[in-house]
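Take a look at the structure set out below.
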Amino acid sequence: MSTITQFPSGNTQYRIEFDYLARTFVVVTLVNSSNPTLNRVLEVGRDYRFLNPTMIEMLVDQSGFDIVRIHRQTGTDLVVDFRNGSVLTASDLTTAELQAIHIAEEGRDQTVDLAKEYADAAGSSAGNAKDSEDEARRIAESIRAAGLIGYMTRRSFEKGYNVTTWSEVLLWEEDGDYYRWDGTLPKNVPAGSTPETSGGIGLGAWVSVGDAALRSQISNPEGAILYPELHRARWLDEKDARGWGAKGDGVTDDTAALTSALNDTPVGQKINGNGKTYKVTSLPDISRFINTRFVYERIPGQPLYYASEEFVQGELFKITDTPYYNAWPQDKAFVYENVIYAPYMGSDRHGVSRLHVSWVKSGDDGQTWSTPEWLTDLHPDYPTVNYHCMSMGVCRNRLFAMIETRTLAKNALTNCALWDRPMSRSLHLTGGITKAANQRYATIHVPDHGLFVGDFVNFSNSAVTGVSGDMTVATVIDKDNFTVLTPNQQTSDLNNAGKNWHMGTSFHKSPWRKTDLGLIPSVTEVHSFATIDNNGFAMGYHQGDVAPREVGLFYFPDAFNSPSNYVRRQIPSEYEPDASEPCIKYYDGVLYLITRGTRGDRLGSSLHRSRDIGQTWESLRFPHNVHHTTLPFAKVGDDLIMFGSERAENEWEAGAPDDRYKASYPRTFYARLNVNNWNADDIEWVNITDQIYQGGIVNSGVGVGSVVVKDNYIYYMFGGEDHFNPWTYGDNSAKDPFKSDGHPSDLYCYKMKIGPDNRVSRDFRYGAVPNRAVPVFFDTNGVRTVPAPMEFTGDLGLGHVTIRASTSSNIRSEVLMEGEYGFIGKSIPTDNPAGQRIIFCGGEGTSSTTGAQITLYGANNTDSRRIVYNGDEHLFQSADVKPYNDNVTALGGPSNRFTTAYLGSNPIVTSNGERKTEPVVFDDAFLDAWGDVHYIMYQWLDAVQLKGNDARIHFGVIAQQIRDVFIAHGLMDENSTNCRYAVLCYDKYPRMTDTVFSHNEIVEHTDEEGNVTTTEEPVYTEVVIHEEGEEWGVRPDGIFFAEAAYQRRKLERIEARLSALEQK
């Protein structure tokens, strides 16, 4: 690491990229590269300040300077005073040695001019780089001369090594002596070297520091032979367990020594295990130790390892935090486009009740996680059956999932289906789009696109007409080419060769492709996922419902073109009894499979590998431990790194039975197995978590998990499992899944750095969407309250909404809608498409008896686009009532008539001559016929039924009599319903029905445990408004005008006859 960093000026904050012992050793300079005489050394506090140990903030104007230089200039005055005769602590020794090393590094990095330039400003006595280097050696040698700091022994000349510090020494195996390098660092020593061949022996080259035994006695912390009291004092000061006589070799019983260390060390102060393994006959309080582990054999021959804080470089994150039952992240996690996906089952309890296949995601290496997202809805036949998934992964760029259908009553498998969908990704491409002349289809070339018809794609900067924005795949030509349908065509061929363009796919906007596989025989569950190549993958399975057990895999060799085609293969039969839930992974042509042991009194889990995808196997049995959870794993280098969690406290060390129903403290372990050795006899299972919940909250059982590798870290995602309800401690008597009586089952992620020495911390972090989750208060009555305003920018799906008064005095409740649209009946009910409608009711239910009601019928309803107003009064205030379109719709109908109309004046009927044909007078044929029409008195039959002879008498005509007159006079065809004269009307009408609320019904529901619950469900019934029929009618105004014309003609004829008589 360089001790000099330079940045372009103009920023506010700058990073310090080197280590330093004191802030006074950090020098910040504004540089004018054109005129160095103008360079300005800044003063901390006035010109800049430290934001934290690795960041400064500029307070001064940087105008006139083009570079900000930050470098380290360590003072040569000893930071630690060795002359006072006091006992030095290990931290003092380390600081002194670091000071020497820092000065040497600065001598390496800084030029003579730079050293002179900052000599005064930094308070350094190093006049130039050579003086700094000599001073560093002087400090290091003075410390060593006092016998206070030893050399660090490294590898030998024969094996080779890169020496980077003055304190590192190499062994020359030929003479048994150690040598330090006295020249410029770093010094690379190739394998097969000697001191002579790699630089020579003498000042400025290799200098002997004596034989290895002497050096180890004086300065090696493992020795303490010549100066035992010095070492013991140091260890006691450091709270190193060896100060109390502990060996830490993993063989010697260190129980007594550790007990003494605990007794002598104040509570709250940690005992340092110095990275060693201590064998004990009973576990001490591990929380009081750091940087160590303990090997404990509660059962002889069955050792387990327990790691303390800082021994394993790992962190524990909580990645979900919901009131739901979040479990079963088993063998489904994967990494895609640098995002970690952790699929799991989200439900209200063990089983498939209200279950949704879900996932959470992390785009920042597991530091924070998204809110849970449901991938499946409830099954259409819910609550009889529901969806479930234990196998999911990405092949090429498409997500594949084995979606199982299971019964709620017994969790029994009834069907398997392979669902797949494109993952979201963004591509930056060059060329590859063509569009022929006079065609609307464009061909898109994207190697291994993984898309199917209907999948969403988005284009920008394509340089081809019509290929832009959101589109869908129209046809698939092959795995590298597909087409989209553009909105237009052009007269010439188009090709975007050489053009840079962008294409995106969307998981959420694309449909599932679903391939039904039916009920696969001899399968209890399908587990795990392993991508084999760009075309196919494997899924594990087990059968444990009936004997004999089966464990194996399904191999889908061509999942894109033949998703229903798979090959079934089993592990060796001697490993199948009592085995289940295989974890599978595929690395470098080898398929690995680990089973789960299911019986505490039988042999446990087993490990298998196959180089021909399950046709032949090499198998191992894990010794001693019975595993009641799966053992997910990943291959890192030559090691399989496996994780497993207990389902009962002390299961792995004391053989406790699988007991998910008891509140306890199950733990998580991990182990490594080298695939080149392929031997599990000496495998070490190391405890990495004591229990998974923060704050020491107990949980009743730890569920199965998944393992992924990203960059330099391995991630183990796992969760709680409780058979009774979503709460991990206790149970509510009514078994209401939405009442709180414990701590919810949630998911956790253990993140561990990959390396031969896994040490740093063992922390718990809350990574479940901090500051992004909706604040929810969850009361014990099952009601959730969101005490904050919320804004939804997309579709919001709600099963039931109650809007309460928004004011303290309960004056009103308001729904305020901004924009062009209000309530829209969007979705069609899946169980009854004909029932698409929206009901607005002024009362507390959907029945018109509770209040006035308006019902809007959707286009897919049996009564398409109908509006029904139901109330005792329909009042229109302060405005005219008008039809939208002029003279198009009628008021009432032949079967839906108003009884009467109350008007303040006579109605006005349009009689504009400009809208009529040339007027003609009544012809004699019509008037002759009209003379035969009878005017009568009558009573309505329905009125007679109600009132008898007191029914009112009406005046008018009979439409059928007018019809008969017209037929008799040749004005209508016999048996015809069509009349040329509008005075007579005939209408046929269809049967009219409606679905209305009838009553509430108590419905019983039985869960998988036989518990019966009841709900009150509304019952609707169909009512007939009227049956199919026909009606004859007349237009009264036509009758009046016809009668007037008839009478006028009659009077005219009488007047003509009188006039003729008078003339005689």
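Glycine too: its Cβ is placed from the backbone N, Cα and C atoms.
Per Swiss-Prot, the features are as follows:
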- GLU581: active site (ACT_SITE)
- ARG596: active site (ACT_SITE)
- ARG647: active site (ACT_SITE)
- 1044-1064: coiled coil (COILED)
- 360-371: repeat 'BNR 1' (REPEAT)
- HIS542: site 'Binding to sialic acid' (SITE)
- ASP545: site 'Binding to sialic acid' (SITE)
- ARG549: site 'Binding to sialic acid' (SITE)
- ASP578: site 'Binding to sialic acid' (SITE)
- THR598: site 'Binding to sialic acid' (SITE)
- ARG599: site 'Binding to sialic acid' (SITE)
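Around the Cβ of THR598 (site 'Binding to sialic acid'), the number of neighbouring Cβ atoms within 10 Å comes to 20. Model confidence over the repeat 'BNR 1' (360-371) is summarised by a mean pLDDT of 89. Beyond its flanks by at least six residues, the coiled coil (1044-1064) meets 921-922, 924, 927, 930-931 of its own chain at Cβ-Cβ distances under 8 Å. For the recorded positions given as ASP545, ASP578, GLU581, the lowest number of other CB atoms within 10 Å of the residue's CB is seen at ASP545. The Cβ neighbour count for ARG549 (site 'Binding to sialic acid'), using a 10 Å radius over every protein chain in view, is 20.
Straight-line distance linking the Cα atoms of ASP578 (site 'Binding to sialic acid') and THR598 (site 'Binding to sialic acid'), rounded to a whole number, equals 5 Å.
If you check the recorded positions HIS542, GLU581, ARG596, THR598 against ARG549 (site 'Binding to sialic acid'), the ones with a Cα inside 10 Å of its Cα are HIS542. Look at HIS542 (site 'Binding to sialic acid'): DSSP puts it in a strand.
In sequence order, VAL523, THR524, GLU525, HIS527, ARG549, GLU550, VAL551, GLY552, ALA579, SER580, GLU581, PRO582, THR595 make up the list of same-chain residues 6 or more apart from HIS542 (site 'Binding to sialic acid') whose Cβ falls under 8 Å from its Cβ.
Each residue contributes its Cα atom, and for THR598 (site 'Binding to sialic acid') and ASP545 (site 'Binding to sialic acid') these two points are 13 Å apart. Counted with DSSP, the repeat 'BNR 1' (360-371) comes out as 0 helix, 4 strand, 8 coil. Annotated pair ASP545 (site 'Binding to sialic acid') and ARG596 (active site), C-alpha to C-alpha distance, rounded: 15 Å. Its own atom aside, the Cβ of ARG596 (active site) has 25 Cβ atoms within 10 angstroms in the protein chains shown.
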